[in-house]
Amino acid sequence: MKPPARMVSPERRSDDVGDTALRPQQLSEFVGQQQARANLSIFIEAARKRGEALDHVLFVGPPGLGKTTLAQIVARELGVGFRATSGPVIAKAGDLAALLTNLEERDVLFIDEIHRLSPAVEEVLYPAMEDFQLDLIIGEGPAARSVKIDLAKFTLVGATTRAGLLTNPLRDRFGIPIRLNFYTVEELEGIVTRGARVLGVGMTADGANEIARRARGTPRIAGRLLRRVRDFASAANADAIDRAIADHALSALEVDAAGLDAMDRRYLTTIALNYGGGPVGVETMAAALSEPRDAIEDIIEPYLIQCGYLQRTPRGRLLTSHAFRHLGMAEPSRDASQFGLFGSEDDA
């Protein structure tokens, strides 16, 4: 069974349709990713001056950091058409061919989750990216023949959260690789303040700070929290969102000061109380929480590891001193061998 949607999930949710209005429309409006923005601005200006298609661009980074938004901005700044799709949607080579043959000169084709393209589709994409040609096999058996179709010179913008899953031939064909990083609290404050202005709701500096601190370094989460806090402010007939309103709303939503939600705290508390802080294997945790293993590894643990609350050791999951302080619990004395580098992790 699919786990319920979490308020602090960086993945796109069905109720995120409202964040379209919050997205910046130009590079000058885009907050954060300063080096990436500066480089993109130069590459776009150079391509525009030469009247050429921009080199293919690859955005790499965790979900919710603005890869799709930046792809749209690239097309808008170039003044060209924009077509969007995703790796899992392009099931056959013919699906990709249909997309490519409908592109105009210098258009931008955006493929999200590009690491999920099938090998057969990738083979068709290589000559399209390199030579702007489609090399298709028509027919079967002895009657099969190769047909080359010239394409308009286009820009492929790929986005991936899993750069390690990209094949080397595909990765090497992107002339402009750009890595997006988590945002600072100050950058998220700017995003929240701008979002409040777009939504027509008042926002104090400390209110923006309170939302930004709990947004896990991710604009998508910041926008989602902002919309829910706005609901609390409207219900209270407040003129503006201040720290008190933001704290009340986010506490009601069970998002604490570190951005952890009820599931995060349940995970940490289970290890602390039931297993003495660890180490404990992931299969044991899956049984204890009644959650599938992949949900624990892909949804719950990454942020806890990033924040320094959790370690993955060869012997299992282990809480750090930081985690016990956050939970307000005394850290038990643990044998140094629990931090050992040898042996295999219990049912990991």
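A Cβ is built for glycine as well, from the same backbone N, Cα and C atoms used for every other residue.
In Swiss-Prot, the ATP site is described by LEU22, ARG23, GLY64, LYS67, THR68, THR69, GLU130, ASP131, PHE132, TYR183, ARG220, and among ARG173, ARG213, ARG228, ARG230 the residue recorded at this site is ARG173. In the three-state DSSP assignment, the secondary structure recorded for ARG293 (DNA binding site) is helix.
Here DNA is bound by ARG293, ARG312, ARG317 per the record. The longest Cα to Cα distance in that group is 14 Å. The Cα atom of ARG312 (DNA binding site) lies nearest to that of GLY64, taking the binding-site residues LEU22, GLY64, THR68, GLU130 as the candidates. Counting in whole angstrom, TYR183 (ATP binding site) lies 28 from ARG293 (DNA binding site) by their C-alpha atoms. Taking all protein chains in view, 12 other C-beta atoms sit within 10 angstroms of the C-beta of GLU130 (ATP binding site).
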